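S.K.: My structure is below; once you've seen it, I'll send some questions.
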Amino acid sequence: MEGGYQDTRWEGYVDWRNKPALRGKHGGMLAASFALAVEVLENLAYLANASNLVLYLSKYMHLSPSKSANNVTNFMGTAFLLALLGGFLSDAFFTTYHIYLISALIEFLGLIILTIQAWTPSLKPPTCDPSTTPSMPCQEIDGGKAAMLFIGLYLVALGVGGIKGSLPTHGAEQFDENTPQGRKQRSTFFNYFVFCLSFGALIAVTFVVWVEDNKGWEWGFAISTIAILVSIPIFFFGSGFYRNKIPSGSPLTTICKVLVAAMLNGCMSRNSSNAIANLSASPSFEPETNKEPEENAKQTDEIPTQSLKFLNRAVVYKPAHPALQCTVNQVEDVKIVLKILPIFACTIALNCCLAQLSTFSVEQAASMDTKLGSLKTPPASLPVFPVVFIMILAPVYDHLIIPFARRVTNTEMGITHLQRIGIGLFLSIISMAVAALVEIKRKRVATDSGLLDSTAPLPITFFWIALQYLFLGSADLFTLAGLLEFFFTEAPSSMRSLATSLSWTSLAMGYYLSSVIVSIVNNVTGNSGHSPWLSGYTINRYHLDRFYWLMCVLSTLNFLHYLFWAMRYKYRSAGAGARK
């Protein structure tokens, strides 16, 4: 009976009541589907505000355009960076199940604060119209009112970070990675996770943005609040189906311990009797640990790999300090983390290109004819283009492209994670080239129409901007879904949530890098005796086409850099390059 029980339970997993998770009862696509449904509502609640927040801060909170833009950048960047905190807590102390519920409640609290402030005139600065009283500037929000605004915003950011750091991992953990079927289902999950993320964004940048612009921001915040509130019971209803991975301690502690041990042991005596490198010649090696004899016997047969050999110094007979005693498994886990970091770094440039979707691309489109028949499209709704492209491409990729690739390559994955990321990076190069060509055409229309210094709409449809959105949206699908799956499958099981959070960190760093590049470009081009490329009374006076060509060149160099690391990477996960 005991043996049969062991065979039916998921080793290392528990259910929501902290009892052993059982095969056939916990996990699978049904359990993961709750995470997909929740992602629609979660991203709706987040993007409904983030996509239009700059207008709320400038028009209703009376912040200057530069302050509004900086606050939006800080808010979005902080939310994605806090995904690292959510991932860390999921790995170290709590399950992804608990982190999601806690984070959703925190975001709900932040949205309630923002809704109350938007609904109550006394909690906002006095209304004013600068066009009627130009000599009296509007009073900027300050004091307790400003404190309430930013407490609400950053509670939302904290909640969003926790959700982004836990929900993708929670869904992916529902599948059995030891079977080909489980790995294929996990790949499908990541594809549809990006699809659901985009579906929530579609509702946010169309319906909710329209409500905010036409009915009032209090209604927009209320919709976001209801969305995140509804997501909590939906997620909770799936509790009986989830298998939750048992936390195995702080991954950062392991990483720091191995790095410090390797450094200190390397500075100490290099006596060969103390080196792990001679383990193969010393089968009687027995680490001085307090672990069980069976565990020590298992470790005796383990020899560290020769990649990143400097880390092998962390495993010695007598470490610099007893607290720095490291096992071979810990060293190999840290090696894996270090090997995936260059891949992570190469995706930041892509996200820097994506940042243009919410900045210059929106300004370009706003200067063009945005009418669809009698309907005028609000600029904040323009990201609908990449969102729709992603929603169309995701099922096509999963149900048509991948099965075809599996038949052609005769491999389980069809297209590997790194190939998928590489396709996204290549598409970002094309998108920047297309953006430059479209901008050349737009400025030619402005010149021919005599509207270079006018803010009137140009006689050219904003559908031209859809071309760069098409390629950037496709690049986002390939890269984000590929990154999420790559980090989850390649990272050690004790670090998966933290590693998966790097996907969102790349997005945040891309936004920050975009601001840095814009500042550098303006400083360099402005010092040459000419006007800076990205300044002027109207965007028609910008040299935006030159900026896009620069981004195209930088993206090309980044792609070549990526190829250098990707071609040398060796997968550790099962099925990554395995034959069917």
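Just so you know, glycine gets a Cβ as well, placed from its N, Cα and C.
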S.K.: Would you please say which range out of 257-274, 509-526 has the annotation transmembrane segment in TrEMBL?
M.R.: 509-526
S.K.: Who are the long-range neighbours of the transmembrane segment (509-526) in its own chain, taking Cβ under 8 Å and residues 6 or more past its ends?
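M.R.: Apart from its flanks, the transmembrane segment (509-526) reaches 73, 76-77, 80, 347-356, 359, 532-535, 543, 547, 550-551, 554.
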S.K.: Apart from its near flanks, which chain residues at least 6 from the ends of the transmembrane segment (188-211) lie with a Cβ under 8 angstroms of it?
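M.R.: Sequence-distant neighbours of the transmembrane segment (188-211): 29, 32, 35-37, 39-48, 51-52, 168, 171-172, 174-175, 219-220, 223-224, 378, 380-384, 387-388, 390-391, 394-395, 397-398, 476-477, 480-481, 484-485, 488.
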S.K.: Can you say which of 97-119, 146-167, 217-238, 380-400, 546-565 has the most Cβ pairs under 8 Å with the transmembrane segment (421-440)?
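M.R.: When the Cβ pairs under 8 Å are tallied, 546-565 comes out ahead.
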S.K.: Under 8 Å between C-beta atoms and at least six residues away from its ends: which parts of the chain pack against the transmembrane segment (146-167)?
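M.R.: Distant contacts of the transmembrane segment (146-167): 35, 38-39, 42, 46, 49, 61, 71, 75, 78-90, 96, 99-100, 102-114, 117, 123, 228, 497-498, 500-501, 504.
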S.K.: In terms of Cβ proximity under 8 Å, which residues at least six beyond the ends of the transmembrane segment (460-488) contact it?
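M.R.: Apart from its flanks, the transmembrane segment (460-488) reaches 168-169, 172, 186-187, 190-191, 193-194, 340, 343-344, 347, 350, 353-354, 356-357, 361, 364-365, 368-370, 377, 382-383, 385-390, 393-394, 397, 417-418, 420-421, 423-425, 427-428, 430-432, 434-435, 438, 441-442, 445, 496, 499-500, 502-503, 506.
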